[in-house]
Structures are given as structure tokens and as C-alpha cells.
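Data first, discussion second: the structure below is written as C-alpha cells.
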Amino acid sequence: MGTEFNGLFDEWAHTYDSFVQGEDIQYKEVFAHYEDILEDVVNKSFGNVLEFGVGTGNLTNKLLLAGRTVYGIEPSREMRMIAKEKLPKEFSITEGDFLSFEVPTSIDTIVSTYAFHHLTDDEKNVAIAKYSQLLNKGGKIVFADTIFADQDAYDKTVEAAKQRGFHQLANDLQTEYYTRIPVMQTIFENNGFHVTFTRLNHFVWVMEATKQ
């Protein structure tokens, strides 16, 4: 993942919070139970947390309130500006992405929500391999994102979006890199993790991977 999505992120920054509140009918199901999803990620995290894709700071705020020490990474300048308005003044957000970032001294948990699909499956593998080197035994990766149980589930979801006239959603599903559970399970296991997948709405699953 380079900077190819930065323009999209900057454009989306000022409307993102309305999306997650379900104001766009096409994405309402994608963000169903949004607060519960964030809380689940927080509850599965511990210690020093590295967060990729801070966005407008919604997950970050919950992590801080839960007493986590958070290192935030966000590629979009506009997103960083909005997040800084919502978060404590002393909290800093570093420019970077899943593959290119400043490594904090000690990390226990790596988290992200609604962002890992910006990487191809090959890039996902590179990223997880990198994180495996950063985490000690017992360290965790907790990612919430749109993924699919298998190809059939993906195909049916795309077709349903088209049938409902949700053409923007269908295009999104077909142009970004939404992966399948077997792919992610293989990636995690090949890099020394035990992983579980928990579905929290039709689109979003929480991946909880523990370093062995």
C-alpha cells in the first residue's frame, strides 16, 4: 500500500463520521453495530497498542479511555487533522501506513478497523510477517474489517448490492482488496499466529491473532 488511496482518504475525512453513523444507506449494513465493533477490538487489546488507520480517531479515543498506551499511524493529512481535534492535545499521530511506519520501542497489540482491505493479499502477507517480528509471544493482532467466509459469500454480497441499486458499494467491493477467511487464516498461521474470526455484522469480522 503506497499513497494511492490518500486522495480518497482526504476526500472522505469530512464525511466519514456520518458514514459510520449509518447516514449513507448503501453503507449502513457495513457499519452496523459500529460502536460494538470498536469496543470488541478494545476489549481484545492489551498494553502498548499500535493502531493503523487512526482515521478520525474513533477507535483511538476508546483505546485511550480504556487505559491503553496508543501509537497512532495514519496516512491521510485530512484524517489526522480531524482526529487531532477529537483526541487529547498531547496525543500525536504519525504519518505512515500498514507497510511503512515508525516502529515504537515496545508493542503488545496491533489494531485496525475498516482499513486492512486497502492491501492486496500479497501485501497483507508482507505486513503480517513484519508484525510477527515486532510482537513477542502472546502479542496480538486485532483487526476488524470486511472479509468473506469464501468466494460464494463474496459473490452473493456483490450481487445483492447490485440488485438493491447500491452501485457504489458494489464497485467498492469489486475494486478494493476484500479477502477471504481461508486466505487470512493461512497468512496468520504461516507467520506464527493462532487466529480466530468473529462475525459482528454481515460484512465485518474481527480477526484476533495471537503470536505463538
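A Cβ is built for glycine as well, from the same backbone N, Cα and C atoms used for every other residue.
Long-range Cβ neighbours of E74 (S-adenosyl-L-methionine binding site) (same chain, at least 6 residues apart, Cβ-Cβ under 8 Å): G53, V54, G55, R80, A83, I93, T94, E95, G96. Secondary structure from DSSP puts E74 (S-adenosyl-L-methionine binding site) in coil. Among the features that Swiss-Prot reports, S-adenosyl-L-methionine binding site is placed at G53, E74, D97, with the record citing sequence analysis.
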Cβ atoms near G53 (S-adenosyl-L-methionine binding site) (within 10 Å, other residues, all chains): 23
Three-class DSSP secondary structure - G53 (S-adenosyl-L-methionine binding site): coil
Most distant Cα pair in Å, residues G53, E74, D97 binding S-adenosyl-L-methionine: 7
